[in-house]
Structures are given as structure tokens and as C-alpha cells.
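K.L.:
Here it is, the structure, as C-alpha cells.
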Amino acid sequence: MANYEFSQVSEDRPGCRLTRKAQIGLGVGLLLLVALVVVVVIVLWPRSPLVWKGKPTTKHFADIILGRCLIYTQILRPEMRDQDCKKILSTFKRGFISKNPCNITNEDYAPLVKLVTQTIPCNKTLFWSKSKHLAHQYTWIQGKMFTLEDTLLGYIADDLRWCGDPSTSDMNYDSCPHWSENCPNNPVAVFWNVISQKFAEDACGVVQVMLNGSLSEPFYRNSTFGSVEVFNLDPNKVHKLQAWVMHDIKGTSSNACSSPSINELKSIVNKRNMIFACQDNYRPVRFLQCVKNPEHPSCRLNV
């Protein structure tokens, strides 16, 4: 048998081993790959929606919005039949979907306001504060005046709740922010402030506001009318604001037009170069109250 001598391969000999520089590069590459995988998992991993104390989005929200829009444009106001209700719905939803419901801005609803164009005739605008039901009864019977909820955007959203969540492209049907949660920039509040501002800016001629005279402060500075609408009336288009201070027909009657609260409203209006007028228990509206209380002394006609 031939004699063969086997020698040990020197560890210092270059072979298949990686250089130290290559080892470092490979290690860095692996770390980056692991980091990328972690990021992808975090992004794609389903997260639980934020939990709030308030009631959730109204069930069948999209169906209600679309249905109301069609009723309004095809039946109630056929002159607006050219409005695209499906586009209005999708634009509305984009204002709050996939967003933190406490970080909604006026700009989020700007495309919706721009999309829906509606002209309210001069002298036909009626604002209200703490008198919603009575104001709506009046415009429904009177037929020619408009509250905010008699406009298309106000009509489709009236009495609904909605919010989204940054973790999903759907609406939050579990909970939405409650007014007590220090979340003033929520989807509902911002929406009404935005369209209230537009409603006031578009008003012209003589405008009316229906106030609740049964309250200690018929004019409330923190209400939508007191904080948004009255300050967005354009004095170049509106020359007079008439306040109708309505009292509960079964309550104590008082001269609310001379109260400090109404005088504050008068001061605001006058400083903005508009005329102010006030009337307690505006008679046409009083008649509506009398329908349910026909025997009340204030409802009896002197024949």
C-alpha cells in the first residue's frame, strides 16, 4: 500500500471562508430583512378599533344617506335631481373613513361642501337654537323657508351618528366618541360646524332665528348659532336679523326680548352692521303650538 501523507489544511489558508467584511455585510443584510418582516407584520396585523364611550355609527348608515338623498333630490326638491347621490355618499365617507375620529378637520369635508351646490332664496333662511322640533314644524307647514336640515346636506345627515377608525376602511359600528371625552373635533361635530358656516355665509336679505324663550338664556354663546352661524352672516348680503323667541305654551310667559341674553345677541348683530329685531311668541309659530293645546288662553281667538 502506497504511503500517503495527509496534512492538515491551515486555517489561515484562503478557501470558501467569507472575509470579515463580507460577514459583516451579510449580518447587516439579515438584520434589515428581519426588520422589514417585523414592519410588514405590524402594518398588516389587524388592530382592534379604538374604543369610545359614545354610541356607534348608525346602522345602515350608507343606505340611509343614499336613500335620503334620492328622496330629497327626486321627490322633495326635484330641481336638484341632477345631484349624484352615489358620489355624494362616497365623498361624505372620505371625510372621516380611516381617520382618527378626534382629529377631523374642516378641510376633510371641504370636497363634500364643494360638490353639493344649493341656493337658498333671500329672506328664506331660518336658524334655530334649542328649538329644533318647532322650527322644523314651521318650515314644513310654511313650505318656503329653510332651516339647515331642510337643505340637502342637512337633510341626509339629520339625527345620524358616524365615525371611522385609523385601523380600518370601514365605519366604526362598535362605538364613537362621546361629547364628554374631550374630543371636539369628532366627525359629527365638525360636519355640522362646516355646513352651518356655509349655510350662514350663503344667507341673504332678512334672516330669522327661532330661540327658546323658556330657557334662562335664549341666546347661548356656545350653541352652533351663537358660536358659528351669527358670526358668519355676511353684512354685505344680510341687512336684518329677526329673532322669534318662543315660549313653552304651558310655561310662564315673560318678555324675553328684553332679557340680558337677547341684548347680548342684539349687540353682536349691531356691531356687525346689521339691524336686529325681536318678537316674543311670533304668532304664526304660536298657532302651531296651539294645535296641541287649543284650549290654552293664549290660543283663543277674540271674535
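Glycine too: its Cβ is placed from the backbone N, Cα and C atoms.
Grabbed the feature section from Swiss-Prot, which reads as follows:
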ACT_SITE  C122  active site
ACT_SITE  C204  active site
DISULFID  C69-C85  disulfide bond
DISULFID  C102-C183  disulfide bond
DISULFID  C163-C176  disulfide bond
DISULFID  C257-C278  disulfide bond
DISULFID  C290-C299  disulfide bond
CARBOHYD  N103  N-linked glycosylation site
CARBOHYD  N123  N-linked glycosylation site
CARBOHYD  N212  N-linked glycosylation site
CARBOHYD  N222  N-linked glycosylation site
TOPO_DOM  1-21  topological domain 'Cytoplasmic'
TOPO_DOM  45-303  topological domain 'Extracellular'
TRANSMEM  22-44  transmembrane segment
K.L.:
Distance between C183 (disulfide bond) and N103 (N-linked glycosylation site) at the Cα atoms, whole Å?
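P.N.:
Cα to Cα, C183 (disulfide bond) and N103 (N-linked glycosylation site) are separated by 8 Å.
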K.L.:
Pick from C85, C299: which of these disulfide-bonded residues has the biggest number of other Cβ atoms within 10 Å of its Cβ?
P.N.:
C85
K.L.:
Where's the emptiest Cβ shell within 10 Å among the disulfide-bonded residues C69, C102, C183?
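P.N.:
Across C69, C102, C183, these disulfide-bonded residues, the one with fewest Cβ atoms within 10 Å is C102.
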K.L.:
Restricting the comparison to the recorded positions N103, C176, C204, C257, C290, which residue's C-alpha is spatially nearest the C-alpha of N123 (N-linked glycosylation site)?
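P.N.:
Minimum Cα distance from N123 (N-linked glycosylation site) across N103, C176, C204, C257, C290 lands on C204.
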K.L.:
Among the glycosylation sites listed here, N103, N123, N222, whose Cβ has the fewest other Cβ atoms inside 10 Å?
P.N.:
N222
K.L.:
To the nearest whole angstrom, what is the C-alpha distance linking C299 (disulfide bond) and C102 (disulfide bond)?
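P.N.:
Pair distance, Cα basis, whole Å: 47 Å.
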K.L.:
Would you mind reading off the Cα separation of C176 (disulfide bond) from C257 (disulfide bond), to the nearest angstrom?
P.N.:
39
K.L.:
Rank the disulfide-bonded residues C257, C278 by the number of other Cβ atoms within 10 Å of each Cβ, and give the residue at the low end.
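P.N.:
Looking at the disulfide-bonded residues C257, C278, the Cβ with the fewest others within 10 Å is that of C257.
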K.L.:
Which three-state DSSP class does C102 (disulfide bond) fall into?
P.N.:
coil
